[in-house]
Amino acid sequence: MKLGCHISISKGFPQAVENAHRLGCEAFQFFTKNPRGFKGKSADPEAAARGRALMAEYGLVAVAHAPYITNLSTPDPELQAISIASLKQDLENAEAYGAIGCVCHMGKHVGEGEAYGRARMVETLNRLLEAYTGSCPLLLENTAGMGSELGTHLEELMEVRSRVEQPERIAFCFDTCHAFAAGIYRPEDWEDFVAHARAIGYWGLLRAVHLNDSKFDHGSRKDRHANLGKGFLGEAGIATLLRSGAFEGLPVVLETPVKDEAEYGPEIAYARSLLQ
């Protein structure tokens, strides 16, 4: 696996790559734009090229993340159109920066019902993948199940992907906190969980992992990340996940609560120590 964390690109993509390297990252994640909005700039070709060259020099892998505000299942036609345009730009920027994929949360049905939410998501994804013709895959992320969130179960993610017209352009990102809070695994049954995920085809489509502890207990359906070893997964639980070999070959990035990016350095080192 390639361990790392989330890095800001507010000072430019090349600087983000330098910051990731300085913190001891082997992989890093970045937001394509402000995570709370739809407005963003297209990637600067020169800066993107410099960043990609640095990534190659340092052996870094990058993962992009679309804004949290994106709702693939919105029933509002205007908001759907805005979301598609925004995600198209996210994918274009992710491709320019050399990211292995662009993460997007599963949709929220906002009271319209789960069946509607899934159908609307498929429609939105079809329109998006018709508009964006590049090579960067969209990585759908599992959710904790807060409110009307879809995508708590792996089977649901697989179903949505199977219904899309171009499923080969969609893969997955697995969040350890979300899945635990959704109640779909415990550390003590991790091996069985991964075996099931492999059996249904999900694990073979996994391209990135978010390594987070959980501030709330198993099945709480609350999306609140905790620092590694400080939540309900605990040190033993995080160690179980890391030592299992399930994340072999994948970028594994921390999205844990920090006041400053520099705090990620010791936490990445801590994660590596759990592999011993």
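For all residues, glycine too, the Cβ spot is worked out from N, Cα and C.
Taken from Swiss-Prot as is:
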- His65, His105, Glu141: Zn(2+) 1 binding site (BINDING)
- Glu141, Asp175, His210, Glu255: Zn(2+) 2 binding site (BINDING)
- His178, Asp223, His225: Zn(2+) 3 binding site (BINDING)
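Other residues of the same chain near the Zn(2+) 2 site, with their Cβ within 8 Å of the Cβ centroid of Glu141, Asp175, His210, Glu255, are Val103, Cys173, Phe174, Thr176, Cys177, His178, Val209, Asn212, Val253. Cβ neighbour counts within 10 Å, taken over all protein chains shown, single out His65 as the most crowded of the binding-site residues His65, His225. For Glu255 (Zn(2+) 2 binding site), the same-chain residues lying six or more positions away in sequence with a CB closer than 8 A to its CB are Cys5, His6, Gln29, Asp175, His210, Leu211, Asn212, His225.
For the pair formed by His105 (Zn(2+) 1 binding site) and His178 (Zn(2+) 3 binding site), distance between Cα atoms is given as 11 Å, rounded to the nearest Å.
If you take the C-beta of His178 (Zn(2+) 3 binding site) and look for same-chain residues 6 or more apart in sequence within under 8 angstroms, you find Glu141, Asn142, Thr143, Ala144, Thr152, His210, Asp223. The binding-site residues listed here are Glu141, Asp175, Asp223; among them, Asp175 has the most other Cβ atoms within 10 Å of its own Cβ.
In the three-state DSSP assignment, the secondary structure recorded for Asp223 (Zn(2+) 3 binding site) is coil.
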